[in-house]
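Some features that Swiss-Prot has for this protein:
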- Ile363, Asp364, Asp377, Glu429, Thr430: Mg(2+) 2 binding site (BINDING)
- 221-240: compositional bias 'Low complexity' (COMPBIAS)
- 614-631: compositional bias 'Low complexity' (COMPBIAS)
- 639-663: compositional bias 'Low complexity' (COMPBIAS)
- 20-158: domain 'B12-binding' (DOMAIN)
- 163-536: region 'GTPase chaperone MeaI' (REGION)
- 537-758: region 'Linker' (REGION)
Amino acid sequence: MTDLSTPQRAGSHKLPAGRRLRFVTAAALFDGHDASINIMRRILQASGVEVIHLGHNRSVDEVATAALHEDADGVAVSSYQGGHNEYFRYLVDLLRARGGERIKVFGGGGGVIVPEEIAGLERYGVEKIYSPQDGQRLGLQGMIDDMIARCAEGARAAAATGESQVGAWAAEFSEHGLPRFDSRDDVGVDRQGAVARNPSSEASRVAAAGRGDHLDRGVRAASTADTADTANTANTANTANTGSVADAADAADAADAADAADAASTASTASTASTASTASTAGIPDPASLVFRRLAQLISAFETAAIDVNTRDKLSALAEVTAIPLLGITGTGGAGKSSLTDELIRRFRLDYGDALTIAVLAIDPSRRKSGGALLGDRIRMNAIGDWGGGARVYMRSMATREASSEISDSLPDALMLCKAAGFDLIVVETSGIGQGNAAIVPFVDESLYVMTPEFGAASQLEKIDMLDFASFVAINKFDRKGARDALRDVAKQVQRNRADFAKSPEAMPVFGTIASRFNDDGVTALYRHVAEALRKHGLRSGGGRLAAPEDLRFSSGRNAIVPPARVRYLADIAQTIHAYRERADAQARLARERWQLIEARRMLVETGEAARSTVATSASPGASASSKANACTSTSSKANASPGANTTANSNASATSGTATPTDALNPTLSQLDTLITQRTASLGERERILLDTWPEIVAAYSGTEHIVRVRDREIRTALTVATLSGSEVRKVSLPKFVDHGEILRWLMLDNLPGYFPFTAGVFPFRRENEDPTRMFAGEGDPQRTNRRFKLLSEGMPAKRLSTAFDSVTLYGEEPHERPDIYGKVGNSGVSVATLDDMKTLYDGFDLCAPETSVSMTINGPAPTILAMFFNVAIDQQIARTTQRQGRPLTEDELAATRRTALENVRGTVQADILKEDQGQNTCIFSTEFSLKVMGDIQAYFVEHGVRNFYSVSISGYHIAEAGANPISQLAYTLANGFTYVEAYLARGMSIDDFAPNLSFFFSNGMDPEYTVLGRVARRIWAVAMRERYGANERSQKLKYHVQTSGRSLHAQEIDFNDIRTTLQALIAIYDNCNSLHTNAFDEAITTPTEESVRRAVAIQLIINREWGLAKNQNPNQGSFVIEELTDLVEEAVLAEFDRLTERGGVLGAMETGYQRGRIQDESMLYEHRKHDGSYPIVGVNTFLSAHPHEAPQPIALARSTDDEKQSQLQRLRAFQAQHRDAAPAALERLKRAVIDDENVFAVLMDVVRVCSLGQITHALFEVGGQYRRNM
């Protein structure tokens, strides 16, 4: 039997009795790369650690606040987006300033954080930055063990000194009282008073330190460019409190003279990057924040029984002085308790004007085997932060530990301490419960039970204890099937349980809610009743700021993104593809049998068995067919040129028509053959007969030296051969040599030539001779710098194919700011664009409406705003050109005509794929529902204004792959997302052929074999589904896609080897006829690529396209046995994944449960484990290692934005805002009203971007569209 009594922890580090290590994990601000940190938090949990995971895109303030309020031992942050020097320094500073000196900071960023920067950050105070070499040396578990050991040592040291201090605080507070919140006198009026009440307390000392120079110096140092990595010596030990040159000289004892000199330089110049307001707001803790920190430490002390009984009794008595209402929220696992809790807190804050102070105690289960716990409620909370008036919400995540129920044994003490602190409201959220659990009820005044509609038969409700005790019941996820019936059944059960038959079931406190929907009226109705009930238990009167909803108890209906009747669309598509393949096999069999019959008849005639026939075979329609077949098959070349389709073409006048001559009637064998031929011909489909009929013509067209197509009395000639130096003629398109009509037809139906349905080999018959598919990604610094890079990349190119990389600040819809964790990322890893003026500068000198100009913009969350800016630039360019040409101002009609012409001609792509952002890349900023609504608005605008040459979305698998997905998952999820957009746009009433041509795709090419056929499978599935299921035209059937070589396959070790990997990935992309291609620079593993490394990356493509011999042929993959086998294997695997997604409610239903994200994380972990144990060989990383690994690597030039560029952006932003300060407020109100009234938001954005900056627009949309809620 298995002993479950004690945890079997992986870590054997000795800790004080009852002590558990607690870690906060997160990805840095404006960083969606959370694959690594997710792996780390999983291993931490399995190693016995309690993990509070915050997810991606977390500011320093959010991480520091969580660490302090959760009383964490360590913080682990991944940073792959640059700005790490500022981020980690600022984090160390904030923790020190707010009383978290003992909290150890760990970090990692692959090769992005170079050794010199690692050394600098560790000298500054970061406990450890793990490098790729550390990972190689220690392995994943080894790195985790090292983190645990370092924190365990700190915990033991703290136990020797810190717990006695906490005990002293507890004793002091038990005598004099905790600094209580006095919300009745308006919290925040006297920010210093609460501290002054206990002048001898540690809180006073920390506040004094925060008001001094320490944090201001830290902000200044952290706000320099990344080149300040060696300036860290200015903060060694207790030196550098003023940031002066003298401080740097003092620091020379801890570092070399060069470091000190750099520190002095930094200290003298960095002040331009900080402001006094930054230091005061971020560094000086407000009184509530100080109370929260001490409260967190006291809760931990009570958990370890470090507080004596006498002190506890005094605190308990103190807690009972004031009646403080307690709300308990419990329910089944996965019911959405955390989201609903957050939405209720949001409504309390809004309704009371943010005057309430609220404590949230969230409990999650511990794992018995390891003792670890994933405390995952905080990641879901959007409404607990500082709204500008100081801290109002304290949250503590608790593990059940040895408790046998859904609550922690420490909950009573935690509630007592929260009461003693004087919160206005305390909310307790339990872990998931079963039918027989109701442990929360005795601890709270009012309880809320959260469930979903999927509870089974109505009889199951009789077994649920909480339906007896709950004050309120919320049926969350009310948009699911059967929700109305569930509401009725639960209400009746509650009525029976209460024996309250004087009221109707509809009057029972049972509510239907959709917590995932922003501003859901069902949640608001629930809030109204909960707040009213809590007022009876001491909740202060007030509120009334929220509009009262109609008298309802459930969420009102809205149009579903994908209508319920269409929710099985992916399974239907899979069935369509399978049916098409079955048809191809069946039709090929018929064609083969028919051809065999014709051949048999021909051979019978030729051998003389029908020699007695006196009628010449040429007079016989059947013989005519046979002779034609004979002519087609007499030589292999002739057989290839004519598959016997002539028989089909003449089937009504030949033997295949079933008409027999008198002579044939005398020959039973020939007559029977004719009958069989007629039957097979009749069974062939019309499309299939046409394919066989036209094949000889196609063969003839491709057999010469030129391919000639006539379009509107104009001939387009394409050379069909390329001569080699040896004199060989290499055909641009090679044809199969099949003779068997079945093989020909099967190949035509499943493969076919490039440019022919199902477009497996490519969507165009030939590549453009004068235009390589090169599209290089560029973006760095300010718009002027990137504009220069664009001109460099496109120099000498007949086509200007620009691909724009935005910095992470822009990617998250924000704008430049002096705050260090923002400032460090401005212009790094992309270009900073905050205003319409920035966009004009970025594309200055390029005619955006010229046929040879195409612009791709890689941006998603704020894509509608950025696209509106881009379209305005294109329109303004054309208006300026037309005005100059006319020599006068344009009339209103001329302006309108010019705008329409610009929109009709502008070419390019905006990524704007919000589904893959939720699943992989994580630059979602708005609620998913709102983002999808605005995507539909963009497409509707395209249809209305005739935008035909611009792609409204680039449905992207690249970022799914970069997050860790294998190639099959990348392809399956990407195609599934594409079909989801199709269903969503159809549901809005758009025609398939109006919007399908505006959809494009974006894939990664890696090293696995499946990448070789990614494009083939994608094109075939899309084409067949578009034609067979949606009835789309040929233009809509063509899937066009961009390829970027794998960033994940670039390694910081043996960095020069990266170009070899990129070359192979580019080769298979070109072989597969991708429509455009980006080749990564070899140094992207550690930095934004330099001009030289980008030139090398471009050269990879040019060498393949212009030098590589086999690339002269444009369908080299066709005819390969392994390519065909892989194509079928990958297609079948994708369709199987479609079925799995369907089982989970389609793409949106699967996203709700985190299915795609979970699969991606599992696949990422498999890759990481196999990379680290060497079973997945990577040359230069885990095999073929250098014989001299410790030699200093050749220094790589690090591309970083400069201080001048950052300051320039700040100045440009403020100048734009000052210029439009009068018009901006009205424009923002107009935008918000458009959202509320369900207008086309993008159409309004086209006007708003002319007077409002990106950050202003983003925050206005947050108010009415909601913020994205992170998933685990």
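Keep in mind that glycine also has a Cβ here, set from the backbone N, Cα and C atoms.
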Counting by DSSP, what is the helix, strand and coil composition of the domain 'B12-binding' (20-158)?
76 helix, 29 strand, 34 coil
Sort Asp377 (Mg(2+) 2 binding site) into helix, strand or coil using the DSSP assignment.
coil
Return the average pLDDT for the region 'GTPase chaperone MeaI' (163-536) as a whole number.
75
Listed in sequence order, residues not in Ile363, Asp364, Asp377, Glu429, Thr430 with Cβ within 8 Å of the centre of the Mg(2+) 2 site Cβ atoms
Lys337, Ser338, Leu361, Ala362, Ser397, Met398, Glu406, Val428, Ser431
Can you name the residues of this chain that are 6 or more positions from Ile363 (Mg(2+) 2 binding site) yet have a C-beta less than 8 Å from its C-beta?
Ser397, Met398, Ala399, Thr400, Glu406, Ile407, Ser408, Leu411, Val428, Glu429, Thr430, Ser431
Around the Cβ of Thr430 (Mg(2+) 2 binding site), other Cβ atoms within 10 Å, all chains included, total 28
Using Cβ atoms only, which residues of the same chain lie under 8 Å from Asp377 (Mg(2+) 2 binding site) while being at least 6 residues apart in sequence?
Lys337, Ser338, Thr341, Ala362, Asp364, Met395, Ser397, Glu429
Using a 10 Å radius on the Cβ of Asp364 (Mg(2+) 2 binding site), the other Cβ atoms enclosed count 25
The correct three-state DSSP answer for Glu429 (Mg(2+) 2 binding site) is strand
